[in-house]
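Listed in TrEMBL for this protein:
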type	residues	note
TRANSMEM	A:20-44	transmembrane segment
TRANSMEM	A:56-76	transmembrane segment
TRANSMEM	A:96-117	transmembrane segment
TRANSMEM	A:145-168	transmembrane segment
TRANSMEM	A:174-200	transmembrane segment
TRANSMEM	A:220-246	transmembrane segment
TRANSMEM	A:252-272	transmembrane segment
TRANSMEM	A:284-304	transmembrane segment
Amino acid sequence: MNNTWGDMAQYDPVTWNWVIAVYLFMAGLSAGSVLIGIGMRWYSRDKQTESPILKAAALIGPVAISLGLACLVFDLTKPFHFWLILVNYNFQSVMAIGVAALLAYSPLGIAYALIVLKDDLPKWKLGFLSGIADLLMPFRKIIEVLLFILAIGVGAYTGFLISAMNAYPMLNTAVLPALFLVSGLSAGAAANLVVALLMFNTDTHSPEVAKMHRIELPVIIAEMMFLVMLFSALYFTGGSAATALASLNTGIWASVFWIGVVGIGFAIPLLAMLLPSSARHSKALMLTVACCSLTGVLALRHFIVYAGQSYIS
Amino acid sequence: MNKRYVMVHDENKCIGCQACNIACRSENNVPEGVTRLQVRVEGPFGEAPHLHFKYNRVSCQQCENAPCVSVCPTGAAYIDENGLVSIHNDKCVGCQYCVAACPYKVRFINPITKAADKCNFCKDTRLARGEQPACVTACPTDALYFGDANDSQSEVALLLNTKITYQEKTHLGTKPRVYRIPTKRGGIES
Ligand code: SF4
Ligand code: SF4
Ligand code: SF4
């Protein structure tokens, strides 16, 4: 300490760290995977059999959000008082609205998982839950619709959560919720594929997988567009907002952006689409590409959280 | 709202001695390593022999439109009947949303209570006893003024009416209640 006024540690502008970035990733992943799973079921003619993609989504939805919430609670300075957040609501606060949505989303996600995975439960020695699944079965449609709507809310809310802070020009933009929602879709699609291939033995040539691949390109393009919008908004705002553009060419977060988000998250999946069909349908390649997409989205959350907080207006 | 407490920091009179900072620590039991108030000495600015420093008071601005209050999920951060931005320690879960949202970066987590903390104009201590805040009393050059700006006869109301003052980051719409009287030699920087 070589100033007269004392310790500066508490004034570090980066308040929220990687734990929050992982939470934002998990929430987006959970919502994206559920949206794709349910959306594909609605678009498919066969509504009798549970497709491997839907099963994967039903599993990832509650598991990812639970892991995310564990991160969130673990990051509180008073983790054992987390229940306070469940009983006191300030509905001006995006976080309070998000908690209310998650309070409905998480149990519904579990209920939906029981319904979709009913036939798999005995295999996992969870046969005792089949009774609950039977009881829930008549409500399948309503659960599905509510879960879908709440998943949109959960996916977008993570973006609203950090865009509500007007101190940070990179975060305080209307694009962020949309960016988080589409990148959540891309993570969800990738995770659905991984779990469907590894746990539910789906065929790499199945029409389901092909259908999911067809949304990959538009999702990546939308993500890139939102990123361009984010940065051009900063550029045209000028002043302290424009200084945040430095995050693209200086420091560790510039590398995370160009290597993680652009290189691994966008370039590899896009290049993979150019490969001959036989190679594209190999299980190994599909898994690799999916893991690249997931890495890209995780890198994006870290970049936004850290670079976003580093520039104050 | 019956009262409108404001603080005025005269940057001409300030010498950056940190007496306010130390008085605040002892009055409000601020633990080691964190602080409610710093006066940062910035500069020098200008050319010799007209060098001057800027004395920047860094403390809660008691925003009338406080981002820390609107983001708090539990309502632990609130505005009391006199307009003071305050914190219910027992409602705070330590999510740090307010710490992140404060544009002045003056909120912190108190390492003892684990709740969010900041300057509250000595509301629980000296103000409760009808006294002036510790930093105001301790200032050796009388650079600080505190009072109810709604009372047109108060010292602060007269000051705000007669002196040029500025507030920090007004473009964010927070309406801070800490006013600064800029150094005559320097330009206004916020
Ligand atoms: S300065 Fe920060 S902590 Fe103080 S009222 Fe304003 S936003 Fe809240
Ligand atoms: S840290 Fe405490 S006071 Fe701040 S927003 Fe969270 S619950 Fe509210
Ligand atoms: S008003 Fe009280 S709490 Fe605020 S800086 Fe001054 S002494 Fe500290």
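Just so it is clear, glycine is given a Cβ too, placed from its N, Cα and C backbone atoms.
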Q. Out of A:20-44, A:56-76, A:174-200, A:220-246, A:252-272, which stretch touches the transmembrane segment (A:284-304) the most, going by CB pairs under 8 Å?
A. A:252-272
Q. When each of A:20-44, A:56-76, A:220-246 is checked against the transmembrane segment (A:145-168) for Cβ pairs under 8 Å, which one has the most?
A. A:20-44
(Q) Let me spell it out: take the transmembrane segment (A:220-246), skip the flanking residues so only those 6+ beyond its ends count, and list any with a Cβ under 8 Å from a Cβ in it. (A) 169-170, 173, 175-176, 178-179, 182-183, 186, 261, 266, 269-270, 307-308, 310-313
Q.
Which residues of the chain, 6 or more past the ends of the transmembrane segment (A:56-76), have a CB below 8 A from one of its CBs?
A. 17, 19-20, 22-27, 29-31, 33-34, 36-38, 82, 102, 105-106, 109-110, 112-113, 115-117, 147, 151, 154, 188, 191-196, 199-200
